[in-house]
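According to Swiss-Prot, the transmembrane segment annotation covers 41-61, 82-102, 130-150, 163-183, 194-214, 235-255, 276-296, 309-329, 366-386, 395-415, 426-446, 450-470.
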Amino acid sequence: MSGELNGNDTSAQAAVSAGSVLEGAAFADEGEQHNESMKTLVLGALGVVYGDIGTSPIYAFREALHAAATNGILARSDILGVVSLIFWALTLVVTVKYVLFVLRADNNGEGGILSLMALVRGALKGRPDLILGVGICGAALFFGDAVITPAISVLSAMEGLEIVAPNLTPFVVPATVVILVTLFSVQKLGTGRVAIVFGPIMALWFVALGASGLWHIFDDPTVMAALNPYYAVRFLTVSPAVAFVTVGAVFLAMTGAEALYADLGHFGRKPIVRAWLWIVFPCLLLNYFGQAAFILSHGEAAALPFFQMIPSFALWPMVLLATAATVIASQAVITGAYSVARQAVQLNILPRLEIQHTSEKLHGQIYIPRVNLLLGLAVVILVLGFEKSSNLAAAYGIAVTGNMLVTTVLLYIVMTRIWNWRVSRALPIILGFLVIDMLFFSANIIKVHEGGWASIGIATVLVLIMWTWVRGTRHLFQKTRKAEVPLDLIVEQMAKRPPTIVPGTAVFLTGDPKSAPTALMHSLKHYKVLHENNVILTVVTASKPWVASADRARVSQYNERFMLVTLTFGYMQQPNIPRALGLCRRLGWKFDIMTTSFFLSRRSLKASVHSGMPLWQDKLFILLARTASDATEYFQIPTGRVVEIGTQVNI
């Protein structure tokens, strides 16, 4: 689309006008921000949000052409049909669905599948388990995507070596593994120092995409006719069977679109949309149309068109730039996996995980060792198992299309329950999105035997883990509650017949403030003493990402010995109990960490035949509970102030 850069033809003016209309529609309710700040955010969005979709041209068009070829032969109509499908898919799915609609469905500024789930659960209280199940499936598919993205991205970039130096072909897989192992190994150091260059590198990458595509559009300018949807429709109808398979490959051009919503909280809607409309979208289109024009004039180039259309003098720089871009894309996905894992822990979908902060200034920069290890192992195994990016392509589409399908379903609930749209207004839009999503999903699901099993397998395992944890914690709560004593009764008894009173404050953590904490009961049973001040502490996770400090703590006094404190954190916030309790000073309780002891109960779980869950699920839940991060570390309580009391529970 040369006109979109030089502005010399009517198609360029139409594109600019369309961009203005779309941007106006997207920002109708937002005020202007400072230009310099906006430029910085747009540049940052290029480095984080668009790495995945920005590296798709390396392999997406190639895979679509391979699928469209009949007996290895491509007709002109096939090439125009494929590039037309890519253009309209990017327009309808990314520009219309995500930019105009999904990005508006923020949960107090945050995006992502779990944020959307939490938003919908708050609005649709009648069927919380159904929405939870949908959210779990979406999160599992996201993690599946997080495994495949680094593998296919870096592998596809390294395959450029086959063009630069064919004798290096045997080293493609080993070099990919070395890069990925290095990438995962340095995660614990944090990305703050290097992330500053992500934006400029990706900006250079998009310029290279656009320039190389624009240059080759002049090989056959008639390729611009593919902007007409006629070519896409004709391709779909002339040979439906071939077209159906090709649609699954065309979807590779959109992998990474979900990142627009997932990273909403990092940059805000306006920078993400501007980066897409004015930089990413035009450059992607120029490259795809350039590849199509190059193949129309060089029919033998369908093997690796992205690299084959690069001049020989620029091949090495392009391979290096592509490698850097795919590493950045992988880093963005890894960071996203940490963020989703933290949300899942806070929403009690996963057991507690050790979370390390890698920046003193930016709380969002975190490192989760267990997620990093498992993700890294899975990525390396995929690379060694599939060996070529074309083999991984089948596995890639299922995870992303499934995630997009879940997003569409939840978006309908947001439209009707939160935006208060009439069904007659929301349903036609959602049905349109569902038709497109189902087309892409069904075209990818048939590739199970070609590699799609990997994506489904990863998602299935994660769904089992998350649902087992949710079900197990509920079952454990119900079982222990039956054996617990009401807190009101204990408080009343202690007032009538108080045991020996010792100085200081005791804080008892509990998930059920109506029942006496197990640690309190065992303390009374074994030590037969009661502290001067006893705090029954409950930590609650809100259905919104952030809770202000002013709303963090609620304090209610039972009597002179007992008080109930509830601390509320957003699902994007890391609980810090001592710091939060310090806020209680303004509520009348002068918290002093040096005179306070924290009593925690550590449960030893044993599987039971009559637990209410299958035995295998009992054992899996027990394993997950044993691997959970220590509560002392997770809640950031000083170890010297903690007393742990062990109990055994049969589940």
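Cβ atoms here come from the backbone N, Cα and C positions, even for glycine.
The transmembrane segment (309-329) makes contact with the transmembrane segment (163-183), as judged by at least three Cβ pairs under 8 Å among residues 6 or more apart in sequence. Fewer than three CB pairs closer than 8 A are found between the transmembrane segment (41-61) and the transmembrane segment (163-183), and contact between the two stretches is not assigned (pairs 6 or more residues apart). The stretches the transmembrane segment (395-415) and the transmembrane segment (163-183) do not meet in space: the count of Cβ pairs below 8 angstroms, excluding pairs fewer than 6 apart in sequence, stays at fewer than three. Highest Cβ contact count with the transmembrane segment (426-446) among the listed stretches 82-102, 130-150, 235-255, 276-296 falls to 235-255 (criterion: pairs under 8 Å).
In summary, the transmembrane segment (130-150) does not lie against the transmembrane segment (276-296): fewer than three C-beta pairs, each 6 or more positions apart in sequence, are under 8 Å.
Within the same chain, residues 22, 25-26, 53, 60-61, 64-65, 68, 223, 226-232, 235-236, 246-247, 250-251, 253-254, 257-258, 260-261, 273, 276-277, 281, 284-285, 288-289, 291-292, 404, 407-408, 411, 429, 433, 436, 440 sit at least 6 positions outside the transmembrane segment (82-102) and bring their C-beta atoms closer than 8 Å to a C-beta of that stretch. Here the transmembrane segment (366-386) has long-range neighbours at 143, 146-148, 150-151, 154-155, 173, 176-177, 180-181, 184, 187-188, 190, 334, 337-339, 341-342, 353-358, 392, 395, 451, 454, 458, 574, 627, meaning same-chain residues at least 6 beyond its ends whose C-beta is under 8 angstroms from one of its own.
Only residues 6 or more beyond the boundaries of the transmembrane segment (163-183), in the same chain, are considered here, and those with a CB under 8 A from a CB of the stretch are 150-151, 154-155, 304, 307-308, 315-316, 319, 323, 327, 330-331, 334, 376, 379-380, 383-384, 387.
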